[in-house]
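Enquirer: Got these off TrEMBL a minute ago, pasting:
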{"type": "ACT_SITE", "residues": "372", "note": "active site"}
{"type": "TRANSMEM", "residues": "53-74", "note": "transmembrane segment"}
{"type": "TRANSMEM", "residues": "94-114", "note": "transmembrane segment"}
{"type": "TRANSMEM", "residues": "134-151", "note": "transmembrane segment"}
{"type": "TRANSMEM", "residues": "157-174", "note": "transmembrane segment"}
{"type": "TRANSMEM", "residues": "280-299", "note": "transmembrane segment"}
{"type": "TRANSMEM", "residues": "383-401", "note": "transmembrane segment"}
{"type": "TRANSMEM", "residues": "413-436", "note": "transmembrane segment"}
């Protein structure tokens, strides 16, 4: 096509710059060597392969943190005592209260399964079944918190671990209750109990109610990386050993940076606002990096590892929250399992009762704020409501960002709220915990 526009071309590597016939297209170029195109770094170019730049960011991050590590090592020496690290989890090496609590959680799983089996055959009414589920779920939240508050051998880290497991189990069993109730509502009068294998079986056969009410099925759901129950989860055809080993390697190699915040106590005690701001900004970057490492370790490496091991097919554990231009978009996309649960079992049921969207969203934030405070205040054995107020502050922040900021400005506002907001909450809780346990009371 280009040859039809002329008989002459310029020699690509000639010394005289002369003109010659286009006898060898592989050695010549066309006279016109320019086309209408954008620079690669322009958004209009459509270019998306920034792998080299991402690798550069990783190299720069490693080098900068290596320098900081060596500087701190030379200046302060080794500050982390392995015995102190173990003491975060255990006060008494012969006492494992958090693990004992997790083992006790099997009682609540069996109670939920037993109730559903009785409901499926009609030996108890729907009202009685709802009451039994209510008692089971309420006890599921109250019993571990009472245990954490009363046991002196329970460390804050162990308490967070135990309450985290019970909170996840609460959300799972609530979904288990709802889905089985929906199955009873839509079951036809001539339906027969299914004898197909349940979710946990190696043979991925179709399951219908009440054939799902088995120990294998409910324990598969408890271990699966999801909070929303289904009778037939999407299943991957096989376990990819290379993928499994990569995720395991990522989980093991993830290192944690612990910022020093003890020297932040004096500005807080003296109410020196300039020094408080300096301490907060100093903690912002390492705290944010810890959060990002945790996100990748948990939502990508760990959850993909469990999903691959269980052949769980739905791997959408997060979406592109880093592109969030509104606060609402961030909270809807950074934790997909929780978002799906809130949408399916809380937001939509409220909306079906004729409640406005604004009230329903506020109710979702209230529920999230409760669990955030539950997972922080109970293990620390002090109630300050900083996490609760931080979550509720997202409501006016979401309104402000969506109303006045757009595009990159909205995305920058979301990032600033993540980088600055978390260190403020950390400092508040650490200050109160430090004053409560280490400052002599007059």
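Yeah, the Cβs are placed from backbone N, Cα and C, and that goes for glycine too.
Automatic, uncurated: that is what TrEMBL annotation is.
Relative to the rest of the structure, where do these features sit?
Expert: Under a cutoff of 8 A between CB atoms, and with a sequence separation of 6+ in the same chain, the neighbours of residue 372 (active site) are 387, 388, 390, 391.
With a cut-off of 8 Å between Cβ atoms, the residues of this chain six or more beyond the transmembrane segment (94-114) that come close are 132-133, 136, 139-140, 143-144, 147-148, 151, 153-154, 158-159, 161-162, 165-166, 169, 173, 176-177, 213, 215, 218-219, 222.
Listed by sequence, the residues of this chain that lie at least six past the ends of the transmembrane segment (157-174) yet keep a Cβ under 8 A from its Cβ atoms are 88-90, 97-98, 101-102, 105, 108-109, 112, 133, 136-137, 140-141, 144-145, 147-148, 221-222, 227, 229, 338, 341, 345, 371, 374-376, 378-380.
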